Every structure is written in structure tokens, then in C-alpha cells.
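Listed features, source Swiss-Prot:
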type	residues	note
REPEAT	43-75	repeat 'HAT 1'
REPEAT	78-110	repeat 'HAT 2'
REPEAT	112-144	repeat 'HAT 3'
REPEAT	146-177	repeat 'HAT 4'
REPEAT	179-210	repeat 'HAT 5'
REPEAT	214-253	repeat 'HAT 6'
REPEAT	266-299	repeat 'HAT 7'
REPEAT	309-341	repeat 'HAT 8'
REPEAT	343-378	repeat 'HAT 9'
REPEAT	388-424	repeat 'HAT 10'
REPEAT	545-576	repeat 'HAT 11'
REPEAT	601-642	repeat 'HAT 12'
Amino acid sequence: MNETSNRDHQVTSKEILDVAFEKSKSKFTTPRQTIQDTEELQSYQQTKRKEFEQHINKNRLNLGQWTRYAKWEIENNHDFPRARSILERALDVNIQHVPFWIQYIQLELSHKNINHARNLMERAINTLPRVNKLWFLYVQTEEMLKNYPMVRAVFERWLDWHPDTSAWDAYINFEARYEEKENVRTIFKKYVHEFPNAGTWYKWIKYEMENNRDDVNTVRAVFESAVDTLLSNKSEENDDDEEFATIISSWTSWEVSCGEASRANEIFKLLLDNKTNKLEISDQTKSSIYTAFVEFEKNFGNKDSIEQSVLIKRRIKYEQEIQNDPYDYDSWWKYMTLLQNSSNKSDLENAFKKVTGNVVHDKHKSIKWRRYIMFWIWYAFWEEMTNNNPVSAREIWNNCLKVIPHKSFTFAKVWIGYSEFELRNSEDGLAKARKILGRAIGQTSINKPKIKIFKYYIDLEKKLGDWNRVRLLFQKWLEVSLLTTSSSELVIEKYVEFESSIEEYDRCDSILSSARQLSENPEYSSSFNLQRLLEITVEFYKEEMQYDKIREIYRALLDKDPNAHNWISFALFESSIPSAEQLEEYLQGDNEEFEATVDESQIESTRNIFEEAMTYFKDKDDKESRLVIIEAWRDFEEVNGSDESLSKVTKRLPVIVRKRRTVGSIEEEYIDYIFPDDESKKLPGKMSKFLANAKKWAQQN
């Protein structure tokens, strides 16, 4: 009886999990090990050492393990000899590992083993003399111990290895901290010999000026030595050294502060005198020195000498740059600004003729062309505004248009500038401006419409209130876009905005209908982005609250192009418009502003569209599109649906499986999607077939 009951009782998975959970609640604590006598201590030490040795043998290059081993010996056993032995063994493995050297040294220092640490630092710098970090650690340690003679000795040994400037700077800072001025000067003498550049000399000068400014002879001697050395050792690598100009500026400023303005003036003249060929100073350095000289003249020169020297110097500089490169428009601009400010009319006019006479040869609309055209525009405005010569200005505008290769590219700012010029300076300026803008459209619409010109012309006619001309311009813009297969959505959008602004809603409807018809014409379809055109159309009809019209457009679109994106757009549209109740409430209310909220009726409409899309792609056996639809539906439910509706949609997501098929004579792997909707319909057939086979088997037996 008991056997029968045991056989009938089956252990469930829940019971197994309950037992496992109860067992997991049991608390297991590691037994605490206590050491009672010396033998147990030795046994424990032997065990730990064996563990460390095993870890080290596994990876001898892991120097961190060696360090942990040594620290354990010190912290737990106070066995420094054994710890040092371990660290020495680690050095045998990799003696060039700088962080390990530092850890070894700091370990000794932390336990106040100064002599051991000093011996280690000696070994370290002898082993790795090119590593600055070890030298820095050595000198910092000795300075901390106030062993200053030893610090100097270490620095001197370090300098024998010809280190970089950081070592020299550290040595100088050390001596400067303890105000050992003579020692600092001695080091600087070696420093400038080792690094004979302007930066090194400037450090010395800066030190003397900060600490010994009243010692005039010494400071001047350093300045003179610096300049003499740098000029005599001029080479390509320091030829344009900006620090040299800084030294000169500092020298002259210091001389002035000492009441030696005449000496400072002589220094500038000596360096800037072009007749003197003894000093080879680069143009860049000389320019920097000249800038300092100008500042000097402002403070100590007379007005005439200052202005004359500045203008002449800058003019010569710009003329040389222009002569070297006639297309250096930056120099041209500075040069002509200088001439304009100096009221030199004839020279400025000649400069305008020269710069506009050098036509750019680039075949594309390059930055050179853009800068070149700006000089033409400046030239025309200068003649009109400054010289009051509209005849000459008109000729300049025409000549500018002649040099532009309009078949390749053009400049809207020139056409617009010319038309505005005629508006300002002619009795029949409006007619001339329209003629210029019409000519611009004709000459610049060979490859594609020049949008800036169309926009400017349309805005002009809007200001004049000539709606018929505005419509003609929009139609011309659209015509050019279609003939040149350019994007036409912008002109449609702007055209609709214009008609809507003057409340011509029937015209807007006609424009959008015509645009849709043109987009369906194979001859013009390449000029339209259907998605953007749809957005413009939907946006307009939404503003007009013609939601049924939008639905008709979507249905027509789905008949022609029933892709997943269009279905999703249609579905989401239903949730972006107000419900009938919300619309009725708005129409009966007094509020001018209206904000639609998503309620259940809108959500249900969106779901119906998604369901319709799923059915459509299921009938077409387009599983990829079904996947896109169901994922979009899921995203929609996450935002607007309930947990129940989201769960229903989530359960309809397909299972991704990998299958193989033979294409031709080649077997390939592909991804298939198994939808639960499809499997649920197949299940009854499989079950009936299984039952039929079972019945047949039973009859045979």
C-alpha cells in the first residue's frame, strides 16, 4: 500500500526549488584559525610562503605578486632580510621595471631604513640612468632629509648623463629655493651651453629680473650674452624662435625701467636696420621685434615718427607678401584696409584694379573665388558710397558678372547687390532690379535653381504686394527644379506657406495635388522626395483639420507603395490628431489654442491600422516587413498602451531561427522568422494528423 502511494506521489519542480532554497539559507562561516604556539606559527608561515611561491611560479613576471609577498613578510613576520631576498629575486626577473624599483625604495623609506633606501637608489640610477623618475626620487629623498650636499652631488651626477631640460630646471629650482644665487648662475652657464636656444636664455633672464633686478650690470650682461649667442648661433631650427623676440622686448622694457630709453632705442635700430647685413634675423622674428618697437615708439617717440614708421613698415610687409603670392587675399585685404584708413585714394583704386585683375583660375567654387568676389563687391560699394560715382560702380558690377563662369557656378550676393544698387541709384530702379534678377534666374538656372536668388526676388515682390508676380516666380522656380531634376520639395513648401499666409487655401490644395501628380510622373519623379512631400502635405491638412483628406492620401500612397514605413506613418498619424469629441469641444469653445491629447479612440484607430498592416504583409508572406510593423506597434504600446495591450503585442513577436537552403548547387544559411500567429493556425492540423495515426496504430494492434 505504501509502495503504491509512493509511486503515485511525484516530486514536483516546486518542491525541489523549495528544498534548494531552504538549504541556501543555512549560514556557513569559515572557521577561525588561532595560533597557540611556535610550531603552529611556523606551520602557518610555511603554508603562506608555499602559497606565495606557487603564485610566483605560475607567473614570475607579475611583480605585484612579489611585492605582496615581501610586504607580508614585513607586516606579519617582521622579517626584513627575507623580504629583501624576495624583492631581489624579483629584480633578477625584471631589473628594468621602474615602478617596482620605486615600490622597493618606498618600502624601505616607509620603515625608516634610510641607508638601505639610499643603496637602492644608487643601484637604480646606475642601472637605469636615463629614467628621470628615479633621479627625482633620489634628490627629493635627500632634500627631505636635509642632506643638501648630497642633493647637489646627485644633481651633478645626473647632469653628466645629459638629461632633458626638466633635470636642469629642477636643479635650478632647488638652488633658488635656498637663495644660492651664485650656484644658480653657475648652473645656468652650463645650462645655456647644453641647450643654446632662446628658451633657455629667457629662463636665465627671467630669474635675474625676478631675483636680482637691481643688479643692473649683471642683468644687462645676461641680456647681451643671450642676444650675442643667439645671433651668432642662428640656424634653421631656431631661426624663427619667438622667444628671441620676447627676449628683445624684455630687454628694451627693462632698459626703459632703468631710465635708459636711448639705449633701448639703439637696440631696436640695430636689429631692425635693413642696411645692416651683419645680423641675420628672419622676417617673422623681425616682425615680432617691430611690433615691440611700435609699442616703444608709442610711449617714447613723437606722433609723426610713430605713425609714419608703422604705416611704412606694414605697407612694405603686405606688398612683399602680395608680390610673392598675388592670390594671398588675406594680405590683400589688410593692405587695402591700410590704404583706405590712410585716405590714399589713388593707391587704393590701383589696388582694387590689381586685385580684381587677377582672375582666379579654379574650375570650382573655391574659397579663393569667394574671397576674390568680395573684393569686387567692396570695389563697387567704395565707388558708390565713398566716391559718389554710381556710373563707375555700375560698370564694376557688370565687369564682376562678366568674370564669373555662370555655367559652372555663380554668386547670388553679386546679383542681389547689383539689383539693390539699381534700386538705390535709378529713377526706374525697380524695373532695372527686376530685369537684373530675371537675368540672374536665366543665367544661373542651367544646372539647378539658385535658391538665394529666387528667395530674394520673391521676398521683394512680397514687400511690394504683387501676388501674381510672386506666384509666377514660384512657378518658375518649380519649373527650373523639374527641368534640372533638382529637389522640388522646398519650393512646394514655400509656395504653400505663401498661399496659406494670404488664406488662399484652395490654391494650397491645388499646389499639393499638382505636386503629387508630378511626383507620379516618371519624367519628374526624380525631383521629389516622396516622404518629404508627404510630410508637407500632411502638415498642411492637419493645420486645416482635414483629417479625412489625409487618410485618403495615405490610402492612395499605400495602394502605390505599401511599404512598412508608410503603414507605420499612417498608424502613428491616427494618434497625432484630435478625436471627434476633442474637435467638437474645441469648435464649441472660445480658446484659440488647441492641444490634442491621445485618448482610447485614437489609440484604437492606430491599433487597427497596425493590425491591417500585419494582415497585409502576412498575406504577402513578407516576414521582414511584418517584423518592422510589430516592433513599431510594440514601441507604440510602450508609450500609449496598457500592460495588457503591450503583453498581447509582445507575444506576437516572431522567433528568429537559422535555416539552410540550397540555391542552385550551393547550400546557404538564412534567417527565418516564425510568428506565433502562423503557428497557432497550423497546430490543429498537426494534432489531428497525430490522432489519426494513433487511431490507426490502435486498430492494427
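Each residue, glycine too, has its Cβ placed from N, Cα and C.
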Q) Mean pLDDT over the repeat 'HAT 1' (43-75): what is the value? A) 80
(Q) Using DSSP, what is the helix/strand/coil residue split across the repeat 'HAT 2' (78-110)? (A) 27 helix, 0 strand, 6 coil
Q. When DSSP states are grouped into helix, strand and coil, how many residues of the repeat 'HAT 10' (388-424) land in each?
A. 27 helix, 0 strand, 10 coil
Q) Helix, strand, coil residue numbers for the repeat 'HAT 4' (146-177) per DSSP? A) 25 helix, 0 strand, 7 coil
Q) What are the DSSP helix, strand and coil residue counts for the repeat 'HAT 11' (545-576)? A) 25 helix, 0 strand, 7 coil
Q) How do the residues of the repeat 'HAT 3' (112-144) split into helix, strand and coil according to DSSP? A) 27 helix, 0 strand, 6 coil
Q. What are the DSSP helix/strand/coil residue counts across the repeat 'HAT 9' (343-378)?
A. 25 helix, 0 strand, 11 coil
(Q) Looking only at the repeat 'HAT 8' (309-341), how are its residues distributed among DSSP helix, strand and coil? (A) 29 helix, 0 strand, 4 coil
Q | Helix, strand and coil totals (DSSP H, G, I; E, B; other) for the repeat 'HAT 5' (179-210) | A | 27 helix, 0 strand, 5 coil
Q) Could you count the residues of the repeat 'HAT 1' (43-75) that DSSP puts in helix, in strand and in coil? A) 29 helix, 0 strand, 4 coil
Q) With DSSP, how much of the repeat 'HAT 12' (601-642) is helix, how much strand and how much coil, in residues? A) 37 helix, 0 strand, 5 coil
